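Taken verbatim from Swiss-Prot:
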BINDING   Cys75, Cys77, Cys90, Cys93  Zn(2+) 1 binding site
BINDING   Asp474, Asp476, Asp478  Mg(2+) binding site
BINDING   Cys804, Cys878, Cys885, Cys888  Zn(2+) 2 binding site
Amino acid sequence: MSKFLENLTPIDLNSDDRPKDIAALQLKVASPEKVLSWSYGEVKKPETINYRTLKPERDGLFCAKIFGPIRDYECLCGKYKKMRYKGVVCEKCGVEVTSSKVRRNRMGHIDLIAPVAHIWYVSSLPSRIGTLLGVKMKDLERVLYYEAYIVKTPGEASYDNEGLNPVQKYDVLNEEQYQQISSRFGDTGLDARMGGEIVQELLADLDLVDMFAQLKEDIQATKSEAKRKTIVKRLKVIEAFLHSGNRPEWMMLTQLPVLPPDLRPLVSLDGGKFAVSDVNDLYRRVINRNQRLKRLVELDAPEIIVRNEKRMLQEAVDALFDNGRRGNAVKGANKRPLKSLSEVIKGKQGRFRQNLLGKRVDFSGRSVIVVGPDLRMDQCGLPKKMAIELFKPHLMAKLEEKGYATTLKQAKKMIEQQVNEVWECLEEVVENYPVLLNRAPTLHKLSIQAFHPRLIEGKAIQLHPLVCSAFNADFDGDQMAVHVPLSDEAIAEAKVLMLASMNILLPASGKAIAVPSQDMILGLYYLTLEKNDVKGQHKLFANVEEVEIAFEQQALDLNARIRTVLDGRIATSTAGRLILKSIIPDYVPEKYWNKVLKKKDIGALVDYIYKIGGVSETAGFLDNLKDMGFKYATKVGVSISVDDIKIPEMKEGRVQTAKEQVKEIQRQYAAGLLTDQERYNKIIDIWTDANNSIAEALMDLIRKDKDGFNSVHMMADSGARGSAAQIRQLSGMRGLMAKSDGSIIETPITSNFREGLNVLEYFISTHGARKGLADTALKTANAGYLTRKLIDVAQNVKVSMTDCGTHEGVEVSDIVVGNEMIEPLADRIYGRVLAEDIIDPITSEVLVSEGTMIDEETATRVQEAGVRSVVMRAPSSCKAPKGICAKCYGLNMADNKMVKRGEAVGVIAAQSIGEPGTQLTLRTFHTGGTATAGKEERSVVATKEGFVRYYNLSVYRNTEGKLIVANRRNAGVLLVEPKIKAVNKGKVSIVVTHDEIVISVENNGDDEVRYNLRKSDVAKSNELAGVAGKIEGKLFLPLKDGDMVEEGDSIVEVIKEGWSIPSRIPFASELKVEDGAPVTQEVLSEAKGTVKFFLLKGDYLEAHDGVKSGDKVEEKGLFAVVVDDNNREAGRHYISRGSVVHVDNNAKVERGATLSAPEKTTQVVIAEWDPYSEPIIAEQKGTLKFEDIIPGVTVVEQFDEVTGDTRLELNEYIPAAYKPAITLATESGELIRYQLDPKTILFVKDGEEVNIADILAKTPKAAIKSKDITGGLPRVSELFEARRPKDIALIAQIDGVVSFGKPLRGKERLIISGDNGQITEQFIDKNKVALVHTGEYVHAGEKLTDGIVSSHDILAALGEKALYDYIVSEVQMVYRRQGVNISDKHIEIVTSQMMRQVKVVESGDSNFIAGDIISRRKFQEENQRVIALGGEPAIAEPMLVGITRAAVGADSIISAASFQDTTKVLTSASIAGTVDMLEDLKENVVIGRLIPVGTGMIDSDEIKFSAAE
């Protein structure tokens, strides 16, 4: 980098170099000499222009002598005119004769009488001047504004008479202190002054090298953390100055540069008024005050007046740079604050965003859009009026070329008169010339597409109906903009890359986006429906032509079921489907079209054709599909009448029943049997139930009406318009409505829209409707801001190389939450490259080898083989120095091919996440206690077959003989099937190496068999404990090293299901299965073929023919294998003991046939518990004693109506002095103490004797308040901003055993002692509930308290891979629930950008300081440099930075400054002399050159031209 800089020479600002000649951009602080070198003269007068002659005043702010002539090549007095005098300086008015363009870059200066501080370096935090001098910002401001004195040389001065408290250099004294001290010590060399001069002197005197060395020593010596922080801050500023070659005193201005006049113009308005740029007013105030100060100094005015004038000068310069930063803003004539230089560049209206990143362009126009159903996919209709304007220069050239016009003037005239030749030429110009159409808001790359224009009459642009969904356009008055690409390159790009017929797939997910919608779907749906008893039924037709003839002769109904010949066999279809078949390519299998086509089916059909036929075939097919859809929708003429909206007859009665049920609940509540919360929940449940059952009846009714030809049903069923929820409101009942705070009103709207609402119901409805509209407006803004942040953080990720050569990757598996599948494995691995081989879990052979790109077939194959997790190459583990490599990215979703070098994948990723943002909800869901009985889990049930294994599980057997779970965590129940059995009796040996586990059974003297297992295939302890990862499909070792086994015992097992404690089975649940018990289920064949039975011997299967249909299985390790015709294994099924076999050996079976089944068909329950309360159970036998359980104070007596007993219940609020508890004195004399929570109900009496596992008390779960769940957009931005949640949960940093130390200031001290002697301490707040107890074993990443887990903690405890997994699955959860498909890779790219910074822990021999936060790239470059010199490299830890901070902290100055915090970014960059290498997109857009992606990445010297031989 420094090498690179040595070869660069600075360019003058006004040089004629082109943007492509700029190699890099560096910001520095300007020295006074530099300012003078820029200047063309001093501005002495505040005047602007003469009011009579309107000529600029000499030496004023618009002076022509300084800044250059006003008219091109003409001096001010008019003595010299025309080009021939170029460069002459007029002796009369002093103006150089040259182009007036120089007024845009010639600068002037103002010679300030007193040095003035630059406000950016004073008030922009951290204050740079203050930091250097070690003075507080407030004190520094007091000195600069002449309110306090700063000491330069203290002499012998001290604050007291004894000299014990001496005055130090840089002390700030107020007026009183100064008067006192100077009267006593004034003649002993005390020098203390106020104002800019003294600050400038102090800065000039600093010896930075010396200070740097001194501070480096101090930082080693100091122990206090706070002191270290301040020293590091100072070190950073000093280091920045040393590196950049800036001098500290340059932060004080003595020469103020004056902006070129054309950049702060004076514009004359009609009516003789002038609109003047605010900057001019601010400059005028500076000049006025400076001139006045000059006079006062010359007159030797009293100190106090001069001082006041200097202060005012400082304020005037402050206002010029950043008005309103300090004190009140300076206001103009119209009472609004003037816009200072800072405001001119920052914000949406500032230079960066308004003029540099977004410019208005010529050759563009906009108009309303209308639908153009007769257009081809790559066409749009362009009004002739617009075309004639847009293509005017092209048109004029064409008219001349064809000889219709001799001069341009004549051509122009012809165009104005619109003679016939003009139209003829226009047709020729427009032919084959693409135009770009854009619809705002431009949310993703499909919002700008290219079309070939077709000239049309009228004034509206015609748009092809299939591209509407990409533009998100409709025809209710939307407008679109047209742009004409001018250069050959732009035209080529538009034709090759941007034509609408090329952009059929959505870059976010790779699914087709240009698919028919609405009317077209309705037409195609109707076309493929079947009707009974119509003309031409069951007739046989040879081909489509015959069908069409019959149809036109009205001998055949469109929906008649007919027979036809397909692939040489007779198949049934309908007339309509055969007509559709005529436009479908021949290679499409029957299953795609010979059925009723709904929206999803049409999407699948298009996807299939794209996959096989490619882009051009698909585009043609889509056009045909569109035409056919519209044609039949028109022919059919589906319409809705009131009679189509059927109301089910049972509605009345059902509503009545619900009302009765509600009355009953109210009665119970009045009798005191229910709490208010329970009553509310039950009522809501009753109405929800009623609504659902009415809706079900209604949908059934509509489906059967008219044999499925009911218009309402057709529209909703096909996916053309409307949904079940809307039909329910039309003719079912409107249902429950929400209040403004999100809670549900318990009286529902029982009417529907067909019956009409009464006034009250209508009133309740208006609220929801209005909230919907308000939400939408807010949502759009939020989603837009999120997109902008994402673009900014990801814009510099581009594909920079083909393969970075890494073997690392990220392990992915299904994303499942509870029982809901969020994203299946096949979706996650599609389009990615493998980092490790995929091994078939059954046959252990390599299914897919490393480095393979996974297509759809492979993905499905992998999922069907039962693979649970796959290691993929990922952006996060890519080792490319800049950007990312193609292999780690995978498929380019937009064209289904491997991504090419130069693809701007970062921007695509940001668009893919941001664009659907507007479809997400804005709500934070208040679950507000709607925890209904139906929702709570009360048991877990096995869904697969196998046998039970307890993992780490200890149980109590209570007095009734039931098994009770005794572990609180780090245990579980597994359902497994055998994988390897011991072939002999003996001792097990397990040896763990780096990546393998070798297991063997000792065999006296004989050769023992060893089994090698991949370490990654075996479930780790934290996975078994339910903390991390998925365990299904992993291997489980039931034995430990040194255990004895019998022959035939299983030593390696495959986990089929797992229920960890406490996340799936709570503490103190009742277990329904013993360890080792078989679990039988109905086993269905996964494939078609022949069944063969085998027994497991060691790790291979041995044929077994002692089984026939009807047998009950007694053998262990019996497998049924289904083989296909080639005798290859197609499916393997474990048959557990106790099953009844349903097929004979060697029997032929179809897919889905039953192979075996349990004797009795009942669910196998693994464990059960009470879902509403958490029990406290006795861990041993003993005697109880109550503590602080005092009736009337901490507990109340409750009379139980059912049993007639009284029980004690703790109060909700317990006085602070009391800590209610039960202690259990065991027989061994040990005391166990159980702390009791509020609302707990006691089941025992004081002094009672209890047995093991007896229930002592129960705490109701309802008392644990349900938290608001953040969902939708706020959740996404919370994840990407890496905010620390308010209600944060503590998580374990290491694996170890929990204990509690002595509390600190009312906080509990939780200690984890690790296996290798590490110890971590954490403090738990009073209002948090600890989820762990003394002596329990926890794994890193496990929650220790309730609350929300922070992503920063996941990174610290579990590392980067776990964090990736967390962010990706959390973001996917939000989008998938809204039905939005986004490929993981997009989310991963943004996440890897959030991880691009590291925090230095040890600096080694590098230039870093511990605690520095720097980009990974800088860190690696510096370490390589240090290692090359033989030094000690620095050590850093990964950091997670929110996207806003990551964007502001970008390596590029321009990109960071144009995003947010402009002044802050520019301030720190100028001091550090940061160099912007112009490597990314934004910077290059700003300086106006090609962006370095795609062909822009290839430097011009890489392309060599050579003469043809």
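Every residue gets a Cβ built from N, Cα and C, even glycine.
Features recorded in Swiss-Prot, as mapped to the structure shown.
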| residue | record | Cβ within 10 Å |
| --- | --- | --- |
| Cys75 | Zn(2+) 1 binding site | 25 |
| Cys77 | Zn(2+) 1 binding site | 14 |
| Cys90 | Zn(2+) 1 binding site | 20 |
| Cys93 | Zn(2+) 1 binding site | 17 |
| Asp476 | Mg(2+) binding site | 5 |
| Asp478 | Mg(2+) binding site | 17 |
| Cys804 | Zn(2+) 2 binding site | 19 |
| Cys878 | Zn(2+) 2 binding site | 26 |
| Cys885 | Zn(2+) 2 binding site | 22 |
| Cys888 | Zn(2+) 2 binding site | 30 |
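Cβ-based neighbour count (10 Å, all protein chains) for Asp474 (Mg(2+) binding site) stands at 12.
Cα spacing between Cys885 (Zn(2+) 2 binding site) and Asp478 (Mg(2+) binding site): 40 Å, rounded to the nearest whole number. Using CA atoms as reference points, the binding-site residues Cys77, Cys93, Asp474, Asp476, Asp478 were checked against Cys888 (Zn(2+) 2 binding site), and the closest is Asp474. Here the CA atom of Asp478 (Mg(2+) binding site) lies 52 Å from the CA atom of Cys75 (Zn(2+) 1 binding site). Distance from the CA of Asp474 (Mg(2+) binding site) to the CA of Cys878 (Zn(2+) 2 binding site) is 42 Å. Reported as a whole number, the C-alpha separation between Cys90 (Zn(2+) 1 binding site) and Asp474 (Mg(2+) binding site) equals 63 Å.
Among the binding-site residues listed (Cys77, Cys93, Cys804), Cys804 has its Cα nearest to the Cα of Asp474 (Mg(2+) binding site).
When the Cα of Cys93 (Zn(2+) 1 binding site) is compared against those of the binding-site residues Asp476, Asp478, Cys804, the shortest separation belongs to Asp478.
Across the structure, Asp476 (Mg(2+) binding site) and Cys77 (Zn(2+) 1 binding site) are spaced 60 Å apart at their Cα atoms. Across the structure, Cys804 (Zn(2+) 2 binding site) and Asp478 (Mg(2+) binding site) are spaced 46 Å apart at their Cα atoms. The two recorded residues, Asp478 (Mg(2+) binding site) and Cys77 (Zn(2+) 1 binding site), show a Cα separation of 54 Å. Following the DSSP three-state reduction, the secondary structure of Cys888 (Zn(2+) 2 binding site) is helix. Take the mean position of the Cβ atoms of Cys804, Cys878, Cys885, Cys888, the recorded Zn(2+) 2 site; other residues of that chain with a Cβ within 8 Å of it are Met801, Asp803, Thr806, Arg873, Pro875, Ser877, Lys879, Ala880, Ile884, Ala886, Lys887, Tyr889. Taking the mean position of the Cβ atoms of Asp474, Asp476, Asp478 as the Mg(2+) site, the remaining residues of that chain whose Cβ falls within 8 Å of it are Ile369, Ala473, Phe475, Gly477.
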